[in-house]
Amino acid sequence: MARSDVLIFVSTLLLFLSLLTVADAELVKSDKFPVVVSTWPFLEAVRAAWRAVDNGSSAVEAVVEGCSACEELRCDGTVGPGGSPDENGETMIDALVMDGVTMEVGAVAAMRYVKDGIRAAHLVMKYSQHTLLAGEGASAFAISMGLPGPMNLSSPESVKKWSDWKENQCQPNFRKNVVPANDCGPYKPNNSAMNVFVDKSTESCEMGAIEYKPPLVGPHNHDTISMAVIDRMGHIAVGTSTNGATYKIPGRVGDGPIVGSSAYADDEVGGCGATGDGDTMMRFLPCYQVVESMRQGMKPEEAAKDAISRIARKFPDFVGAVVAVDKNGSHAGACYGWTFQYSVQNPDMNDVQVFTVLP
């Protein structure tokens, strides 16, 4: 055999072996992917995301479909329209979507008159160079890009809840150090509560008569859906949607649209979703912490527990949870102050499975 023929044969053999290796790698990938992980037992939302990604949709597209299904179903009254009235009785929407490949993010906050939060966030990602739009500006953008609106986001249930709250002297609420303390506003600062007294004998400072209120957080007034999807190619995306805290002060933005707090994703590492007391959690960016801890070698469970413990050390009355998934599809959750459940579907499961995490 001529030298040139030998070279051609060897080159062909090497090419065949490389293609075989790629095919084997893709086969292995398809065995463990896709994966859908979501906070809480939002089964229909996970099924919607699974149908999309199992039929070839990208991770971003599947996240949008899953969170959108939860919005349409008004999951627990805390996602989508018709729930969580603020002090004025109005429902507003927070949402976020993040692509772990490009690190692009689209988000909307305190969005009025448009019910499709996750689709609005996706439009921000696709058709603007911004990361976050808020308030009526977010609404106008979403409507201009084709989403239905403006519309009233209240429901008979949310109106009734708000009316009952008003009859109960607007209690409980998220105000502090104001007068009146036990009735509806208008509110003014309680300056006497902000006086600082210095104890000369101990050199310590004490706040005079500052009112303490336990956190107004529970599974039915802070239920964010936060979802992570790994598609058939191993790419990851995350998304969140919520109508926020019930009886919040108008204009309040929770952690739902804050990247790194409610959700975070990086194709090189994995993703995270969070739920709970967003006003506290956004101060710690727990999902960014989870992903970075996994980058440093922590397993999902260890990373999730570490992120939650960082918050609990500073705020022992905090209530919240995170769910972590690494780039291989391994998942775990951690929580504090409540029992947490999260949902998963992958190729090894016939249907969605719910995992329970104890505090």
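In case you wondered, yes, glycine gets a Cβ from its N, Cα and C as well.
If you check Swiss-Prot, you get these features:
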- Thr224: active site, nucleophile (ACT_SITE)
- Arg252, Val253, Gly254, Asp255, Thr275, Gly276, Asp277, Gly278: substrate binding site (BINDING)
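Annotation for Gly254 (substrate binding site): same-chain Cβ neighbours under 8 Å, separated by at least 6 residues, are Asp94, Thr224, Thr242, Gly244, Ala245, Lys248, Ser262, Gly278, Asp279, Met282. A helical conformation is recorded for Gly278 (substrate binding site) in the three-state DSSP classification.
Close to Asp255 (substrate binding site) in the fold, though at least 6 residues off in sequence, lie Thr224, Ser261, Ser262, Ala274, Gly278, Asp279, Met281, Met282, each with a CB less than 8 Å from its CB. Fewest Cβ neighbours within 10 Å among the binding-site residues Gly276, Gly278: this applies to Gly278. Around the Cβ of Arg252 (substrate binding site), 18 further Cβ atoms fall within 10 Å across all displayed protein chains. Within 10 Å of the Cβ of Thr275 (substrate binding site) there are 31 other Cβ atoms, across all protein chains. DSSP assigns Gly254 (substrate binding site) to coil, not to a helix or a strand. Ranking the recorded positions Thr224, Asp277 by how many other Cβ atoms lie within 10 angstroms of each Cβ puts Asp277 at the bottom.
Its own atom aside, the Cβ of Val253 (substrate binding site) has 21 Cβ atoms within 10 angstroms in the protein chains shown.
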